[in-house]
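Let me begin by presenting the structure, written as structure tokens, before commenting on it.
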Amino acid sequence: MTEPKKEIIEDENHGISKKIPTDPRQYEKVTEGCRLLVMMASQEEERWAEVISRCRAANGSIKFYVHYIDCNRRLDEWVQSDRLNLASCELPKKGGKKGAHLREENRDSNENEGKKSGRKRKIPLLPMDDLKAESVDPLQAISTMTSGSTPSLRGSMSMVGHSEDAMTRIRNVECIELGRSRIQPWYFAPYPQQLTSLDCIYICEFCLKYLKSKTCLKRHMEKCAMCHPPGNQIYSHDKLSFFEIDGRKNKSYAQNLCLLAKLFLDHKTLYYDTDPFLFYVLTEEDEKGHHIVGYFSKEKESAEEYNVACILVLPPFQKKGYGSLLIEFSYELSKIEQKTGSPEKPLSDLGLLSYRSYWSMAIMKELFAFKRRHPGEDITVQDISQSTSIKREDVVSTLQQLDLYKYYKGSYIIVISDEKRQVYEKRIEAAKKKTRINPAALQWRPKEYGKKRAQIMF
């Protein structure tokens with residue numbers, strides 16, 4: 001294929017290539033599946049991107065929805081044609097994706113729909129100076145529906161049926177207003193089409209009902225009697241609270257919560273049957289009520305021992321330590337249940353960072369505490385798992401990721417260098433100043449859902 005001609009001028013002062021506008025008809029060749037360099041607005045540099053969709057504006061120009069290669073899909077965006085580097089365009093291979101259907105830009109039409117365990121083995125804790133290991137620095141969701149219209153009825157969030165349907169790869173909501181915050185969503189969420197065609201969706205921060213205008217929101221707030229999430233307040237400390245919400249008893253709230261979360265989670269499938277799930281909503285309290293900052297959900301009965309199905313901190317409240325707080329709370333519940341738990345996989349990139357950070361700190365604290373309580377004694381991975389409620393596989397993977405798990409003279413040992421010990425002791429001390437879960441403020445007892453069902457059947 002002959003590449004389209006493009007005139008380039010060298011800037012005399014900076015030597016930067018400038019592109020002279022090309023014939024608009026040349027952009028007709030750029031179809032779904034094409035890869036080319038695109039000027040990324042957030043970084044002001046060209047990056048390789050794949051064209052997901054395109055549409056024609058009323059003035060006849062074409063704009064393209066692109067996914068930047070090797071970047072998270074929350075960075076996907078609509079771009080004008082002048083940000084494309086046509087000289088770099090690579091057409092999709094034969095047998096690949098079909099070309100995109102060009103649509104007329106209409107806020108009430110299809111464009112917006114598209115935007116639419118082994119044996120217990122004692123592991124010796126070697127003296128800090130016996131062996132040296134390299135220093136390792138530890139780290140800090142509902143993808144698409146199975147179809148573009150009607151989701152299956154299974155559970156609120158699930159990995160089943162993760163789809164790459166082009167329509168659901170396109171962010172279909174431009175903006176939401178939740179409380180005092182206006183937020184740009186990251187991913188597709190199946191809100192009603194008549195709302196996704198609007199510039200902004202307005203959401204009540206207490207009941208999470210979605211409305212089409214500021215006026216409708218004001219009218220709703222005059223009637224809405226809620227000033228906190230439904231369900232039971234099971235934790236309250238330092239103006240932070242957790243509310244436990246049964247997905248069967250509070251279906252409307254649970255479904256609205258899942259829709260809201262889908263805007264910011266990409267690795268799970270959204271379903272409308274919330275009955276099998278419990279939701280734990282974290283709130284900040286002020287004179288007006290309890291304002292949602294994040295949540296996690298879990299299955300009432302999980303054969304895989306998952307203690308978290310989905311977890312999310314809303315963007316305005318990120319980087320405040322709330323992610324670690326949600327994770328810590330989920331493990332406090334597991335400790336009361338006397339079970340080990342693990343989050344449902346896969347985790348988002350941000351979720352994985354948060355979990356690795358929590359696991360690292362929790363495991364290191366337990367190792368140091370064990371060393372003080374039982375000097376000279378050995379510890380097993382199972383011991384660590386039971387004391388922290390972190391599943392055995394996650395304990396092992398964390399020790400390996402920190403380069404602490406070594407094979408030595410026929411058995412596995414945990415090796416902590418003086419350097420690492422000092423680093424983690426400082427981090428543990430610094431963590432004491434951060435917001436933490438106070439177990440004494442947690443008023444909760446686990447429910448045996450399986451036993452109740454068995455009694456009813458009997």
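Numbers run from 1 along the shown chain.
Just so you know, glycine gets a Cβ as well, placed from its N, Cα and C.
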Acetyl-CoA site partner of ILE311, LEU312, VAL313, GLN318, LYS319, LYS320, GLY321, TYR322, GLY323, SER324, SER348 (as recorded in Swiss-Prot), chosen from SER334, SER357, SER360: SER357
Stretch carrying zinc finger according to Swiss-Prot (options 45-70, 201-226): 201-226
Residue among the binding-site residues ILE311, VAL313 whose Cβ has the most other Cβ atoms within 10 Å: ILE311
Packing count at SER348 (acetyl-CoA binding site) (other Cβ atoms within 10 Å of its Cβ): 22
Cα distance (Å, whole number) from LYS268 (N6-acetyllysine) to ILE311 (acetyl-CoA binding site): 11
Chain residues in Cβ proximity to the zinc finger (201-226) (below 8 Å; excluding those fewer than six residues from its ends, i.e. six or more beyond): 173, 175-179, 191, 194-195, 252-253, 256-257, 259-260, 289-292
Integer Å distance between the CA atoms belonging to LYS268 (N6-acetyllysine) and VAL313 (acetyl-CoA binding site): 16
For LYS319 (acetyl-CoA binding site), the number of other Cβ atoms found within 10 Å of its own Cβ: 9
For GLY323 (acetyl-CoA binding site), the three-state class that DSSP assigns: helix
